[in-house]
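Notes to accompany the following structure.
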Amino acid sequence: MPSEFDLIARHFTRPPRDAARVPLGVGDDCALVAPAAGMQLAISSDMLVEGRHFFAQADPALLGHKCLAVNLSDLAAMGARPLGFTLALALPAADDDWLRAFAGGMLALADAHDCDLIGGDTTRGPLNICITIFGEVPTGQALRRDAARSGDDIWISGTLGDARLALAGYRREIELDAASLQRAGRRMHVPMPRVALGQALRGIAHAAIDISDGLVGDLGHILERSGVGACIDADALPAGPELAAHPSELRRPFALAGGDDYELCFTAPASARESVLAAAAECGTPVTRVGRIDAAPGLRLVDRNGAPLSLQLASFDHFASP
Ligand code: ADP
Ligand code: MG
């Protein structure tokens, strides 16, 4: 059986892509990272635990992608540019094929975002994957949760709800045909973090968050931290292409509270609408205006005609497992 050091050397050691930014990567007691002058470090960790965040038999390449994607999504939500990340890994066995596929999925996404694996820790134990990611953002320009202002528009990148649709399909809460389930499943297993959009929104957007637990909950964090409220048009929400084929009784709750979307929810003043659209077009990421921040605390939902809807919609109890 290969030693821990063989595994690290074989799967997780590559020369840093830019010696000015990462003077020292994997192999020493610490990595050395040098953010550019005038930049603040943006740091975030996400842990993925077998049975809780992914299925026991998950495809290792997809898992490698997703572990890094959820961390990149946090940088995106701050408007930060990725620099590098560390990987703390507990493994039940030293399975070379599994590690090759896992590292392949993870490092392909790292390459796509010009980001280095700079260190980590490897130990035996129940499968558990913790990534800490480091990014940089010009001082004072991070997109913070506490920066929404009354009167701001609320925007969503991409589409919502297809990952939740896939979960409903896997759990047999609803019947999906195999092709639709597979397409929706891509959204769940292969999230595409909106890293370019986050950076393009610096100086335009006020507050931002990435939608990992569902729009209602995640927007709620912005409202709470900013001391404001909001009104959302449930029918304006951009449903994913698979979810869009379903009736509104399913579309609304899955788009409102689905989770695992990894889209950005951000606020920007109405005067910045054209700038938001230009920034989004530049990154090739569609954005949709779905509501408005107002001074009265709490979240209100309306339909396309402005008629109030119950927030109960977002809890979709009728889909809870028996
Ligand atoms: P230490 O004893 O100082 O904790 P280790 O023997 O755990 O060092 O790790 C040796 C080197 O390999 C370090 O540079 C560490 O950052 C790196 N490393 C360990 N595990 C991983 C991993 N899963 N991915 C990337 N680098 C790793
Ligand atoms: Mg160690």
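Placed from the backbone N, Cα and C atoms, the Cβ positions cover glycine too.
For reference, TrEMBL has these:
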{"type": "DOMAIN", "residues": "27-137", "note": "domain 'PurM-like N-terminal'"}
{"type": "BINDING", "residues": "D29, D74, D210", "note": "Mg(2+) 3 binding site"}
{"type": "BINDING", "residues": "S45, D46, D121", "note": "Mg(2+) 1 binding site"}
{"type": "BINDING", "residues": "D46, D74", "note": "Mg(2+) 2 binding site"}
{"type": "DOMAIN", "residues": "150-302", "note": "domain 'PurM-like C-terminal'"}
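Here the features listed in TrEMBL are painted onto the structure.
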residue	record	CB count, 10 Å
D29	Mg(2+) 3 binding site	6
S45	Mg(2+) 1 binding site	13
D46	Mg(2+) 1 binding site	20
D74	Mg(2+) 3 binding site	23
D121	Mg(2+) 1 binding site	12
D210	Mg(2+) 3 binding site	25
Here's one to test understanding: among the binding-site residues D29, D74, D210, whose C-alpha is closest in space to the C-alpha of D46 (Mg(2+) 1 binding site)?
D74
Neighbourhood of the Mg(2+) 1 site (S45, D46, D121): other residues with Cβ within 8 Å of the Cβ centroid, in order?
M47, N71, T86, L87, A88, I129, C130, I131, T132
Among D29, S45, D46, D74, D210, the binding-site residues in the record, which have a C-beta under 6 A from ligand 1?
D29
Residue among binding-site residues D29, D74, D210 with Cα closest to the Cα of D121 (Mg(2+) 1 binding site):
D29
Any of the binding-site residues D29, D46, D121 with a C-beta atom under 6 A from ligand 2? Give them in order, or none.
D121
Out of the binding-site residues D29, D74, D210, give me the one sitting nearest to S45 (Mg(2+) 1 binding site) by CA distance.
D74
Structural state of D29 (Mg(2+) 3 binding site), classified by DSSP into three states:
coil
Helix, strand or coil at D121 (Mg(2+) 1 binding site), per DSSP?
strand
For D210 (Mg(2+) 3 binding site), name the DSSP secondary structure in the helix/strand/coil scheme.
strand
Give me the mean pLDDT over the domain 'PurM-like N-terminal' (27-137), rounded to a whole number.
95
